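For 50-62, 99-111, the entry in TrEMBL reads compositional bias 'Polar residues'. Sequence annotations record features per position, and here TrEMBL assigns compositional bias 'Basic and acidic residues' to 88-98. Residues annotated as domain 'EamA' in TrEMBL: 130-284. The feature region 'Disordered' is assigned by TrEMBL to 32-62, 78-113. Annotation comment: TrEMBL describes 124-144, 156-178, 212-230, 242-261, 267-286, 293-314, 326-350, 362-381, 387-407, 414-436 as transmembrane segment.
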Amino acid sequence: MDVKAAPNGVATIEDRILRITGYYGYYPGYSSQKSTSRSSVTRCKPGANCPSSHSGISRQLSPLSVTEDSSAPILELQSRGSSGVCGHRVERPNRSGDDGTQTHPENSSQENRIKARCQSCTSMVLKAVWGLLIILSVSSSWVGTTQIVKITYKNFYCPFFMTWFSTNWNIMFFPVYYSGHLATAQEKQSPMKKFRECSRIFGEDGLTLKLFLKRTAPFSILWTLTNYLYLLALKKLTATDVSALFCCNKAFVFLLSWIVLKDRFMGVRIVAAIMAITGIVMMAYADNFHTDSIIGVAFAVGSASTSALYKVLFKMFLGSANFGEAAHFVSTLGFFNLIFISFTPVILYFTKVEHWSSFAALPWGYLCGMAGLWLAFNILVNVGVVLTYPILISIGTVLSVPGNAAVDLLKQEVIFNVVRLAATIVICIGFLLMLLPEEWDEITLRFINSLKEKKSEEHVEDITDSSVHLRTRSRANGTVSIPLA
């Protein structure tokens, strides 16, 4: 029975099935032509004349020729590629393209990770280099200031005038900061605009006359007392002893912060504070509790105490400050010192407490050197917090103790006995204990656990490598042995 062709051009149900299933070798009308050829072949009776049979067969088999068979699937793929009916040959190039699009973000993400790691390593190296330079600069400036004061005392002893003179140099702090801003900033600001921006440390309204008197006066007094007591202690004690005793200010800062600011209690810092107090007592005992020694120790401890009170009050009322705000505040202290404290050296001069013959007789070279190094020390302390880790600034301060000890030994001004040396070491150890972070115990435990995990992983890797080696050797020998591990 012959099947008539459908109106839509599909001859039989087989054509429809082949079209729907997407058979690769499908050729329109192939099934109908195949059935026609089959019917024509079967209807030829033996002995009958079938002149067109061979030609008909060849014409019906023409879609299966080499050229048309090779091109038909390609045309079918092109026509059906957008609909996604064809499966394998279309999906292979698409999959390769998808793999390419997937591997490209992976490669870019890996490159970004490598770049981020390189940048972090570079920043850490730069911070370490800057930290080394800042440590050397801070310690050398503090040692230089202390030694110049000792040299100046040989011919000129006016500690309050020296304190007042060096504090006036703080006015130059903000101009130095603004010069650095002009040299490094991409968007440069005018001096007044930068001054107003940095004056926000006093509040949203900036620096007013009321805030200038209210906030600057107590800090200026504490600043002057700290430096004045430090200079008085240098008259009674050696530079090494005074610098070591001044390192106790870290312990006093912790105690005041714990009492006033309700900071976190840390047992290790209590131990450091006890060590600092022990070092102070040992330092006084080093000279058998001599009068000058006890007075000098009292002056040095008083300087450390006022310095600690200054830092705690600054944190309480002003909070944390960036480099520009710190420069603004220190310059404001210099202005307050010049305006309101200038009468004190005048009174001391006319009362003959601190008297000198003439201004020409003053050792201006030593005075300017001391004030310049003191200003450099204050600038480096604030710059170092920006450029490197703050802990390195404290390390630079404590390194001034061995620096002063080396200079004192070279000058043969001090003979270290066992008690003085032990007191210096105890104070320095207490200072270093103060530098431990609050989570130092957790950090230590995590570090120990990471070391244990690394050792266990290395042990497992060694066992795995040995087992693989034994298996390869046994296979080479023709036997398989499983090591007991």
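Each Cβ is built from the backbone N, Cα and C atoms, and glycine gets one as well.
Between the transmembrane segment (293-314) and the listed ranges 124-144, 156-178, 212-230, 387-407, 414-436, the one holding the most Cβ pairs under 8 Å is 212-230. When Cβ-Cβ distances under 8 Å to the transmembrane segment (124-144) are tallied for each of 156-178, 242-261, 326-350, 362-381, the top count falls to 362-381. In this model, the domain 'EamA' (130-284) carries an average pLDDT of 89. By the Cβ criterion (under 8 Å, sequence separation of 6 or more), the transmembrane segment (242-261) is in contact with the transmembrane segment (414-436), since 3+ such pairs are found. A Cβ distance under 8 Å defines the sequence-distant neighbours of the transmembrane segment (387-407), meaning residues of its chain 6+ beyond its ends; these are 127-128, 130-131, 134-140, 142-143, 146-147, 238-240, 243-244, 247, 250, 380-381, 414, 416, 424, 427-428, 431-432, 434-435. Highest Cβ contact count with the transmembrane segment (362-381) among the listed stretches 156-178, 267-286, 414-436 falls to 156-178 (criterion: pairs under 8 Å). For the transmembrane segment (156-178), the residues of the chain that approach it from at least six positions outside its boundaries are 149, 191, 194-195, 198, 223-224, 227-228, 231-232, 235, 323-324, 327-328, 330-331, 333-335, 337-338, 341-342, 344-345, 348-349, 354-356, 362-363, 366-367, 370-372, 374-375, 378-379, judged by C-beta separation under 8 angstroms.
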